[in-house]
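Q: Please find one structure pasted underneath; my questions will follow.
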Amino acid sequence: MASAVKERIELAKLCSSKDWSKAIRVLDTLLSQSCAIQDLWQSSFCYSQLELHKHVIKDCDKALQLDPKLLQAYILKGRACSALGRKEEALTVWEQGYEHAVCQSADLKLLLELEDLLKIAKQNGSLSCQNHVMESSGLSLPASGSVVSIKSSKTSDNHGESNGKSKPSGKSSKQLEAHDKLQNGSSLSFKGKSFLSSQSKEKHESHSTVTNGMHNKLVGKSVANDSSESQTDSSVVYGKSSDFSDICNESFSLSEIHNELMDEANRSKKFCVAKISKNKSINVDFRLSRGIAQVNDGKYAYAITIFDKILQEEPDYPEALIGRGTAYAFQRELHAAIADFSKAIQSNPSAGEAYKRRGQARAALGESAKAIADLTKALEFEPNSADILHERGIVNFKFKDYKAAVEDLSACIVVDQDNKSAYTYLGLALSPLGEYKKAEEAHMKAIQIDQKFLEAWTHLTQFYQDMANSEKALQCIHEILRIDGRFAKAYHLHGLLLHGMGEHRNAIKELSMGLSIDSSNIECLYLRASCYHAIGEFKEAVKDYDAALDLELDSMEKFVLQCLAFYQKEIALYTASKFNTEFSWFDLDGDIDPLFKEYWCKRLHPKNVCEKVYRQPPLRDSLRKGKLKKQDFSLTKQKTALLQAADSIGKKIQCHCPGFLPNRRQYRMAGLAAIEIAQKVVRVWRSLQTEWKHSNKGASKHGKKARRREKLNPPSYNRGGAGCSTSSFLEPSTLYSAVEDRPHGRPTMPWNSVYSLAVKWRQISEPCDPVVWANKLSEEFNSGFGSHTPLITGQAKAVRYFPNFQRTFNVAKAVIKDNKYVHDKKDNIINLYENGKLQEIMNAESCSDLYRAVGKDFWLATWCNSIAVEGKRLEGTRISLEKTDQIGYDFAIRTPCSSSRWDDFEVEMTSAWEALCDAYCGENYGSTDFDVLENVREAILRITYYWYNFMPLSRGSAVIGFVVLLGLCLAANMEFTGSIPEGMQVDWEAILEPDPNSFISSVKSWLYPSLKINTSWKGYPDVASTLETTGLVVAALSTYSD
């Protein structure tokens, strides 16, 4: 009790001497003990004397929550709103206060004051915000010293300006740097700036300022010392308000003060200082304010020298430590920053701002747990702080704890409904959780608050691209460029969208525009190089790949692109060396070293590859040897007819699910591949039919005859040299392999040669994608690497594949029930038939339930019933569940490439292919009777089923399986004229069925009605002779008539 009285006496003394900063400290102590209404509005009054208007509003709101009839709070809040230029809000507040005053009539003086304020506001259309001491405040304060008169002068500041009107910045409405958010890098948004971002920012990206545990005082308020002898008449005029009072309330944010200062500047005022006190505290205060101003202006080194001088005199001064720590942070000296913030906390354990700053710095270093702990501690000092909730929400998002991010950001916008940054981050966090409608609404809300908010438009563009809504994504891009025609990220997004739609030439134009603005943008460089590569302009491609390799990077995501640029350049050089040769000689799987391909697929550092693998010959060698002559691709009538047919057939591969963009280049690839497969398979079937006829004339069905050799690949000039290991790797390619003899009636073209045709087309159509046969990735072959398709990663749901989650989850439980065991990471068996675990697994409804029942990371394998070997089960797809830290689980399907599994499926695919050939050749050969071809259709679906469960490629197995299906149907005179049903992914239908007949039943209901008898395809030009060289193939994929 005595302590409280002592503090009250101290408070009175401080207010009498106008030491408002220390008065606020005392009031904070009192409020921490008991949240009294009187202390709240007195705190707001002290803030009003420092012209810290947003804190006035904040304290008044708290007071009015406790007592809605507190007239002093209405007066102070209205004045603060008026000072911030929020005139309509001020008028509303005063009207509310006046209504209460009329009803209670307890304090006529306050009633009259409210009446006067309303009269002035309504008559003049402007609000008056005076700096006099309210006589009704209950505090007797001496008059301030005289204020030097000031003139209004317009200042140029784009902070909060909109259509010529001043628009105050919300407490958490700091703009975030677009590139930081788009790359999802490790750097953190730090009150509008990033600790790890470039210091040279455009003005609209650097409006917001650092925060600190200090309060600023606007210049223009006269500061008087009790002794008139110590007063001076010096007057200093600032273009920006940068004078600060010696205020040390730990829960205060310097960025908020800076925003208030900017609001004042936007109201076209220049402030001057009169009669400055010469005592030490004021001197320190001015130096402190100067240091803060330097940080806000981006002059970090100079700011540090100012703070150093202050700390030489007062080593434990928390505000100076926080200021210097913030400057260090922006210079990326994060460890030094953390040391300063930690020392500030030691000096003042109640410095909530220091906890917040240290949390941000730790987040920038990737120390997520410590960062969250610091920000959580900061919230203890300022519960429900929109600013801190916003910061913690961003940190949670950066570290992929999307659920926590949604919780924080949702709480933030409840407190601060106009926080556009919080809304757009909320959209970013909702999207990976699968809350797509809510995510879209959050981004739209951010744009509604500020229609020129580029970050929100950028994220909305990305959202629509992820959802494969190209039309809306394009609309957003056009809006971004309307707002800012030199926003480089917009050109990158446009290029990315066009690339995803197969418009590589148009993508190059957009990416070039982006690079004209930001020449060191590795995303644009790498993507443009890939586009040049795809359309056969190898000189430009290599130039861009080299430029990407020469850049100095600051994030792991960008470094991965740099590694890919190395691999892609080598593939470009390889393709250039094959450009003027027959397309059959283009053979990535046979020519390129297995180690190179494995590192390429896994995106590993190329150091090991450089040491062990010969590099491709430079581009000048291909030019000198005539291998890169420009291909003459005139659109003759024959070629036009072929391309039109290919486009029509290829469109059928489109998957109508979120995440799958329409891609005209891939359509053409699929159509040309399907036609070539049909043309080559028909030749094989014709040969078999001839043999079948001869066998029926008395030839021995079990005799053997010499087999006609398929065309062999000539020796590759790339083997044993460029792109290959030093050891010879001369095994024949899977394409057109030769077999000396064969049993009578066996197809001359093996199954893998059929699929390799589609693989090769897929490889040449999009060189960004490492599509290779998995058994050619490693010379050891037992490495176990194969395809990996995640459904859930941590908390993020894969847009494309999560729709298959529930079925996959149910299949996993069914397999466990049948086997009563799973495998751990080391392939050891985990038995589950004891202690009721099986029942617990059957009751599981989520990944966490299933993981809890099993108790550790595990995998299980589905099975496929064999047709080649009666009663045998093949290992199908592995379903794995792994815990990721404390926030989520990885739930995925995998198909490892092991020699035993490969051998099993080799037998199965061979059997299924021979069964298909037998079904068509013989009496059914050439039939156009749909019913007669029933067995052929089932045989095509059966081999497709085993292909999808085999998944023998590093990627791309899904589209290649369907392309081959289209080609085989065409070869049997059946053209698919429909489309894949909305929401269906054909490969998943196969993966989740244990038997080919079940797969056939699930697919034929929509496939068969869309199969039409068609023999006109036989009149199409021969693909192999029309597009004979690799260069002509590339030209065909890159040339469109529109």
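Glycine is no exception: its Cβ is also placed from the backbone N, Cα and C atoms.
Those TrEMBL annotations? Automatic predictions, nothing curated.
For reference, TrEMBL lists these features for the protein:
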COMPBIAS  154-164  compositional bias 'Basic and acidic residues'
COMPBIAS  695-710  compositional bias 'Basic residues'
DOMAIN    236-288  domain 'FHA'
REGION    150-192  region 'Disordered'
REGION    693-725  region 'Disordered'
REPEAT    318-351  repeat 'TPR'
REPEAT    352-385  repeat 'TPR'
REPEAT    420-453  repeat 'TPR'
REPEAT    522-555  repeat 'TPR'
Q: Within the repeat 'TPR' (318-351), count helix residues (DSSP H, G, I), strand residues (E, B) and coil residues, in that order.
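A: With helix first, then strand, then coil, the repeat 'TPR' (318-351) has 27 helix, 0 strand, 7 coil.
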Q: Quick check on the repeat 'TPR' (522-555): DSSP residue counts for helix, strand, coil, in that order please.
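A: Once the DSSP states are binned, the repeat 'TPR' (522-555) shows 26 helix, 0 strand, 8 coil.
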Q: Sort the residues of the repeat 'TPR' (420-453) into helix, strand and coil with DSSP and give the three counts.
A: 28 helix, 0 strand, 6 coil
Q: Quick one: mean pLDDT on the repeat 'TPR' (318-351)?
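A: That stretch averages a pLDDT of 93.
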Q: What are the DSSP helix/strand/coil residue counts across the repeat 'TPR' (352-385)?
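A: Computed counts for the repeat 'TPR' (352-385) are 27 helix, 0 strand, 7 coil.
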